[in-house]
Ligand SMILES: N[C@@H](CCC(=O)N[C@@H](CS)C(=O)NCC(=O)O)C(=O)O
């Protein structure tokens, strides 16, 4: 099998992919290869109208506190604009504007609010329907208290201590684990106080306060501490809560995927995994809407993706006599083959590499393809580049295409 030298054009790929997915994003200039999701409620605004909310959030969509606000905006179907703040180089106008200098912050009809909890409460006050706080006054008071508690009960600190501290002996680690488990037991108890899977009798701000953090922990702890929350019989209510969240479309728009969360912890915080940081949850990877979304994002963003690969993956080292043309073409070809595979599955042409007898240009093309594919597999980031479901499908497809190479 040799690598096909032709695949569909990007225009053809984009057209077919778009037929199978409604997901659209916009490219963010200068922040390659990232994209920005279009709020699902933007169409509700008459053309040329400024949305009532402006959200300031992190460029990479990694921040769990920003995710809380985004989750509420999507649940409440509030049209909003986003301004992305580069946290490694915050603009002066932002640090002048926001006293804490942190993200998220928001302007709600021109009025600045910061701190995720306060933004959530301000959105609730200004856009009461659909409500994310219970109507019943007594339950409403409990809800407000639990929103406060989520910030002050120390759950997050205990969790991150267990995850990130590097204890010198096993006893210390066991203690960190026991303290964290006790705090999960408390959440388990709290979840049992009202009927149904959520903290209160309906989905509410309390669920939103916890979800980005519990999601990250459920992804990170198995890989970094060998500890499972999901599937752990000690926490049936927390598991039922995850299952209920999973039914909410807004959650799927804003959440990140496990691999993104696991790679991030290593890259950003330098923590070494004890297990495989790249396991794939393949449950969703065959769903056509996710595969098509991944192909659509790749097609739409291919120019910046290719530039990023050329600059950062190491393929430049394979330039022939200082000429990068072949390398660029090989990257482009393999990404198109990937998009093709996402759309057509096993009936798509795959790059080949198993037979010997390649000439040196063919060998270079395969080598560039392998490097480029390996790079994008770990470079893709949800929800920054595509939804979590699409990113999972994307990685699974890369694995298949890579497996055909050598
Ligand atoms: N209590 C704040 C926490 C926000 C926060 O810690 N944001 C982080 C990003 S996850 C940040 O802005 N970091 C930038 C910095 O520390 O300079 C909230 O709930 O909004």
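Note that the numbers count up from 1, one per residue, in the order the chain is shown.
Just so it is clear, glycine is given a Cβ too, placed from its N, Cα and C backbone atoms.
Broken down by DSSP into helix, strand and coil, the domain 'GST N-terminal' (53-131) contains 29 helix, 20 strand, 30 coil. TrEMBL lists 53-131 with the feature domain 'GST N-terminal'.
If you take every residue in the domain 'GST C-terminal' (136-269) and average the pLDDT, you get 95. Feature annotation from TrEMBL assigns domain 'GST C-terminal' to 136-269.
Counting residues 6+ beyond its ends, the region 'Disordered' (16-46) has Cβ neighbours under 8 Å at 8, 59-60, 73-74, 77-80, 82, 84, 250, 253, 288-289, 291-293, 295-297, 299-301, 304-305, 307-308, 339, 342-343, 379, 381, 383-387, 390 in the same chain. The region 'Disordered' annotation in TrEMBL covers 16-46.
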- Tally of residues which DSSP labels helix, strand or coil - the region 'Disordered' (16-46): 7 helix, 6 strand, 18 coil
